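The structure under discussion appears below in the form of structure tokens.
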Amino acid sequence: MFDYDVLVIGSGPGGQKAAIAAAKLGRRVAIVDKREMIGGVSINTGTIPSKTLREAVLYLTGMSQRELYGSSYRVKDDITVGDLSARTRHVISREIDVIRNQLSRNHVTLLTGLASFVDPHTVNVRAGGEDTEDRRIQAERIIIATGTRPARPDTVDFDGRTVVDSDQILALEKLPRSMVVVGAGVIGIEYASMFAALGTKVTVVERRDRMLDFCDLEIVEALKYQLRDLAVTFRFRESVVSVERHNGGTLTLLESGKKLPADTVMYSAGRQGLTDILNLPAAGLSADNRGRIKVGSDFRTEVDHIYAVGDVIGFPALAATSMEQGRLAAYAACGEDVNAMRAELMPIGIYTIPEISYVGSTEDELTEQAIPFEVGIARYRELARGAILGDSYGMLKLLVSPDDRRLLGVHVFGTGATELVHIGQTVMGCGGTIDYLVDSVFNYPTLAESYKVAALDAMNKMRAVARFSG
Ligand SMILES: Cc1cc2nc3c(=O)[nH]c(=O)nc-3n(C[C@H](O)[C@H](O)[C@H](O)COP(=O)(O)OP(=O)(O)OC[C@H]3O[C@@H](n4cnc5c(N)ncnc54)[C@H](O)[C@@H]3O)c2cc1C
Ligand SMILES: NC(=O)c1ccc[n+]([C@@H]2O[C@H](COP(=O)([O-])OP(=O)(O)OC[C@H]3O[C@@H](n4cnc5c(N)ncnc54)[C@H](O)[C@@H]3O)[C@@H](O)[C@H]2O)c1
């Protein structure tokens, strides 16, 4: 009766994994997206281009080698937009190819166009361009994975050249000498650090009184120090009222009356769920004012056979979590048993320069909940690998329960942070204690050795307490 058992709307990380998981379970699956957006925001405008850009910036500026070769060390003197975008284009096209290949070898039908509901089981696919013919697709189960787009305030006149959102920043024609970044969320701070590394004079404007408030305070302070060293100016507790475009630049007006001139303004003040074109009421669904769809713990919406995953359901809105949500939603839609996602083990990786990553609780959270903890720290400058790499600021911090020596949190700052965090995540996931880290032999010289150093530090501190408390 249906054209497909499962229809997935959106081919970002959530949609891809949902489609492949359902196909692996033997279902007839189709996935729909615009031709130029295969791979979603993640591949085309978000995660992958920004992370590739970061890698290109690190390489071409010679940033990570300057401790060893001096502060004037560069791989290339006049870095152009072309130098940076060549690498990004290369990686994007490879990734799109991988996705197409994975979908096709799993017999997932790729439908190109924009989907909107006709009724709870029927979706209209409008191809656009020359191919204006609409297609009606009926599916037994539908998984919505339409993601988000940058939020754009009406008071700002985006032109894609001097006043840009985080999608448009990738298409800048030349590197700005100065830039205002509006919003110190993850996107804002990641781009602020890349442009600062390229020599752009960056000013970050943030409404709140601090940034990345979900991260360890000490690590955020360390990041701010590093960014200020690259001439970044922070304006906290300041709101942007409007942005004016002038010949040869922009003027950003703040509520406090300040005026900030800059070549370019980048808005990174949150994102809006892409639900307006879906015609949700036809399916018996609705979205909130930020375009997000409400789901239960198995990603089922208010309509029994329709599921939603990824950024369109809101927090945590990461490629990493979207993929897992997609897989779990497909299992639920196909009647398989699913283990719920373990939120306490969800890692966060922030690709600033230097990078940050953590898993588990922060010191502030534990203190608020009156959970005692001991801190164990390893500093890269005391690790042989840190000296070899020329990273003297990096650190790894373990938060340990003094009662049973379990790991409560792992916070890493510096080279390899987003990779290293997974050692701690595994120990936590397996219910291990720091005894495992103390008693293990780590390769030498490695940054992973920081786990042993930090675990010993925590152990020594706990011993000191035990001496007094008997
Ligand atoms: C600059 C930036 C950097 C980021 N960096 C990271 C990072 O380092 N790590 C990380 O984990 N996450 C990162 N993210 C977040 C990550 O990109 C998102 O969490 C992820 O892409 C969400 O995946 P998704 O499956 O929800 O959908 P998306 O990737 O948003 O894709 C949704 C797709 O649905 C399609 N679509 C929408 N409406 C329709 C419709 N009606 N019909 C058909 N198709 C439709 C869109 O065209 C799009 O292709 C970053 C985001 C940005 C913007
Ligand atoms: N490494 C990663 O995992 C990664 C990287 C990039 C993005 N992302 C995800 O993308 C999503 C969107 O990120 P984002 O940074 O755009 O949004 P966000 O909502 O995290 O941050 C927006 C910030 O802008 C501020 N702001 C809003 N309006 C303002 C104004 N007028 N003036 C001054 N400040 C203002 C807000 O206070 C907020 O701090 C997040 O969910 C994030 O997790 C993840």
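We count from 1, first residue shown onward.
Cβ atoms here come from the backbone N, Cα and C positions, even for glycine.
Those TrEMBL annotations? Automatic predictions, nothing curated.
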One of G128, G270, G273 listed by TrEMBL as binding NAD(+) at the site of G183, A184, G185, V186, I187, G188, I189, E190, E206: G270
Reduced DSSP assignment, E206 (NAD(+) binding site): strand
For NAD(+), whose listed binding residues are G183, A184, G185, V186, I187, G188, I189, E190, E206, G270, the greatest C-alpha pairwise distance in Å: 14
I187 (NAD(+) binding site) to K51 (FAD binding site) - Cα separation in whole Å: 11
For I187 (NAD(+) binding site), the three-state class that DSSP assigns: helix
Contacting binding-site residues, sequence order - G183, G185, I189, E206 vs ligand 1, Cβ under 6 Å: none
Listed in sequence order, residues with CB under 8 A of D311 (FAD binding site) and six or more positions away: G12, G14, V41, G147, T148, R271, G273, A317, S322
DSSP-assigned states of the domain 'Pyridine nucleotide-disulphide oxidoreductase dimerisation' (346-454) in counts, ordered helix, strand, coil: 40 helix, 29 strand, 40 coil
